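For reference, the structure I am asking about is given below.
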Amino acid sequence: MTYPEDPMDTTIVPPRLSAGLSLHPSGATHGGENTPVIDLADVAVWYGDYQAVRGVSMPVARNQITAMIGPSGCGKSTVLRSLNRMNDLIGGARVTGVVSYHGQDLYARDVDPIEVRRRIGMVFQKPNPFPKSIYDNVTYGLKVNKMDTGRTDDLVEQALRGAALWDEVKDKLKTSALALSGGQQQRLCIARTIAVRPEVILMDEPCSALDPIATGKIEDLMHELAASYTIVIVTHNMQQAARVSHRTAFFTAELDDAGVRHGRLVEFNDTGRIFTNPADKRTEDYITGRFG
Amino acid sequence: MTTTTNPRGPSSADVRAELTRRRFRPAETAFKLALQACLAIGLAFLVALLAFAVTKGWHRLDARLWENMPTGRVSRAGEAGVQSAIWGTVWVISLTAAICLPTGVLAAIYLEEYADNTRWYNRLLELNIQNLAGVPSIVFGILGLGLIARVIGLGFTVATAAVVLSLLVLPTVIIASREAIRAVPQSIRHASYALGATRWQTVSRQVLPAAVPGIATGSILALSRAIGEAAPLILLGAVTFIRFNPDSLLSAYTTLPIQIYNLIKEPQAEFQELAAAAIVLMLVVLLAMNSIAIFVRNRFTKRW
Ligand SMILES: Nc1ncnc2c1ncn2[C@@H]1O[C@H](COP(=O)(O)OP(=O)(O)OP(=O)(O)O)[C@@H](O)[C@H]1O
Ligand SMILES: [Mg+2]
C-alpha cells in the first residue's frame, strides 16, 4: 500500500459547515483515485483472548458515506470503535493490523488518542446527551478543545443548524437536553459532534432508537453532511444502507475450526454493487433474506 | 378449567368471582410483618433514647448550655455549660472535613477512573479499603496516639484528633464516592471522550458534577459518624473539664461526645442533666446533618 511521503505533513483542514451543502452525495469518485481518509489493513480486534473480528481490510473514502452491515455480533461496532480508538476505553481490548489515517498508523506508540478522537468523532446508538442544557451540550466539545474563543453563540447556531435542529430548539437553548425527544437528542448529539469540526464522523446505528420520521430526518442530514464530512455508519437496516451510503461493507460471523465465532469482512464494494450484484454468496443470502 | 371449553369464553360472573376472591398468601404476610417489626424495633430505641434525654435534660436546654465550665465547678455545677465542647467539635469536624473529603473523593476518582483493576496492587488496595471500614475506632485511636501524637509530635491537639477521625471515616467517604462515581452512566464518559476530551476533563466536567449528590450524601453521613466518635479521642487527650475554647489547630480541645461521657461519670445531678441536654443537642445536630444529606440527594440527583 502506498501512502503520502510524509504522513505527518498532512495538514488537516477542518471541514466548513458553511461550505455549499448538496442534498445528494456526489458519487463520482467511487473507488477512484481518491486516497482514502482511513485505511484498514488486515485489522483484527481482540477482547482479552477472544478475537472478535479479523481480517478486515477496507478503505474509507473522503466525503463519502461508508456503511457497515451484517448480522448481530459480527463485529461492526467493534471495527467502528477501532477507527477512533474508542476501544481503548474497554479493558482488555486490543487492535492488531494497521488502521491508518491519512497514512498515519493510529495505533503507533506516540499517537495521542485524544487528538485522534478530536478528528474522528462518534455518534452512538443510544442518544447520550450530557445532563446539561442544549447550549452546554454543544459548547462542551468546543470548551475541551479550546475552540470557544469568541463567537461561541454563532458556532452553537451553526452546529444546531447543521444537525437540522436549530428551528426546534432555538427558543430553549438553556433548557435541559434530557427534555428533548429521542430523535431530537440524537440530532443534538450530531450537532455536538460537528461543532468540533471533525474530519470523520462515525455513527453506530444512530437511528435504531428512532421512529421513521426522525430516521428520515437523520438520513437527510447524513446526505448533507457527506458534502463536508466523511461518514462511516453501522446499520441494521438494509434499506437505510442502500439509501444513504456510497459504499458498503458486509460483515458476518463464522465459526473457526476450534468452534469459536469470529467476525470478518466478507465483501466491500460500491453500495449499488452490493445490493444488486454481490460477489459473495453470503452477502446475497443476507441481503435477499432481508429484502424477502 | 371448564369455562375455557365454552366457545364464547368465560362468563363475566365467573371472571369476577375469580378476580375478586380473597386470597391468603402466608409468605407475603409474614414478610411484611417481619419488615414492620424490624422498623418498630429501630424506632422504639430511638424514641426511648430521645424521650430519656429530653425529659432529663429539658430544663437545661437553655442559654446556660452555651456557657463554659465555671471555676469551682462542683459548687457551681448548675451554671456549667458545654461551650468549649461545641467549639471543639466545630474545630475538629471542620478540619476533619477539610482533610478527608478531598482525599477521599480523589482516592475514589483514582480507583474508579484511573486504576487498572486487573492489576494486583489495585485489587489489594480495594480490599484494604473495604477492610479498613470495619476496623474498630479505638484501633485508629491507638495508631493516632503512637504515630501522630508521639512520633510526628502533633501532641494532644485539634490537629491530631482531626487526622485520626479523617483516617477513621476515609474508607466510608471513599466507598460512598466510588458508588456515586460508578453510578454515572458509561455513555456519558464515552460521549465526552468521543469529543476529544481528556480523562481529567471528562472526570472533572462530567463525571464529578453528576456524582456530587451521591458523594455529598455519603460524605455527610461519614462526617456525622465522626462527630459522634468518642473512643479514639479518649486516647488522644480530649481534655475533661476544659474551660477555654480552642483557638488554633494546635490547641487542646474537647468535643461533645467526650464531654457527655465525662459528665455522666460525675456524681452531681446537675452534671447528669447537663449531659442529657448535651445529648439532645448532639441528636439535633446529627438529625440536621442527615436532613441535609437527604435534601442534597433529592434536590441534585440527575435523572438519566
Ligand atoms: N466489551 C466487550 N468485551 C468483550 N467482548 C465484546 C465486547 N464488545 C463486543 N464483544 C464481542 O465482540 C463480538 C462483536 O461485537 P460487536 O458489538 O462489535 O457486534 P455488532 O456487529 O456491533 O453487533 P450488533 O449488531 O448486535 O450491535 C461479539 O461476539 C461480542 O460478544
Ligand atoms: Mg453494534
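Each Cβ is built from the backbone N, Cα and C atoms, and glycine gets one as well.
For B:86-293, the entry in TrEMBL reads domain 'ABC transmembrane type-1'. Marked as transmembrane segment by TrEMBL: B:30-54, B:85-111, B:132-152, B:158-176, B:226-244, B:274-296.
Give me the lay of the land around each of these features.
Within the chain, the transmembrane segment (B:158-176) has long-range Cβ neighbours (under 8 A, six or more residues past its boundaries) at 88, 91-93, 95-96, 98-101, 103-105, 107-108, 111, 129-130, 132-133, 137, 140-141, 143-144, 148-149, 214-215, 217-219, 221-223, 225-226, 229, 232-233, 236-238, 246, 248-251, 253, 255.
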Same chain, outside the transmembrane segment (B:85-111) by at least 6, Cβ under 8 Å from its Cβ: which residues?
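Those are 66, 117, 122, 125-126, 129, 158-159, 161-163, 165-167, 169-170, 173-175, 177-178, 180-181, 203, 207-208, 215, 219, 222-223, 226-227, 238, 242, 245-246, 249, 251, 253-256, 258-259, 278, 281, in sequence order.
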Between the stretches B:30-54, B:132-152, B:274-296, which one has more Cβ pairs under 8 Å with the transmembrane segment (B:226-244) than any other?
B:132-152
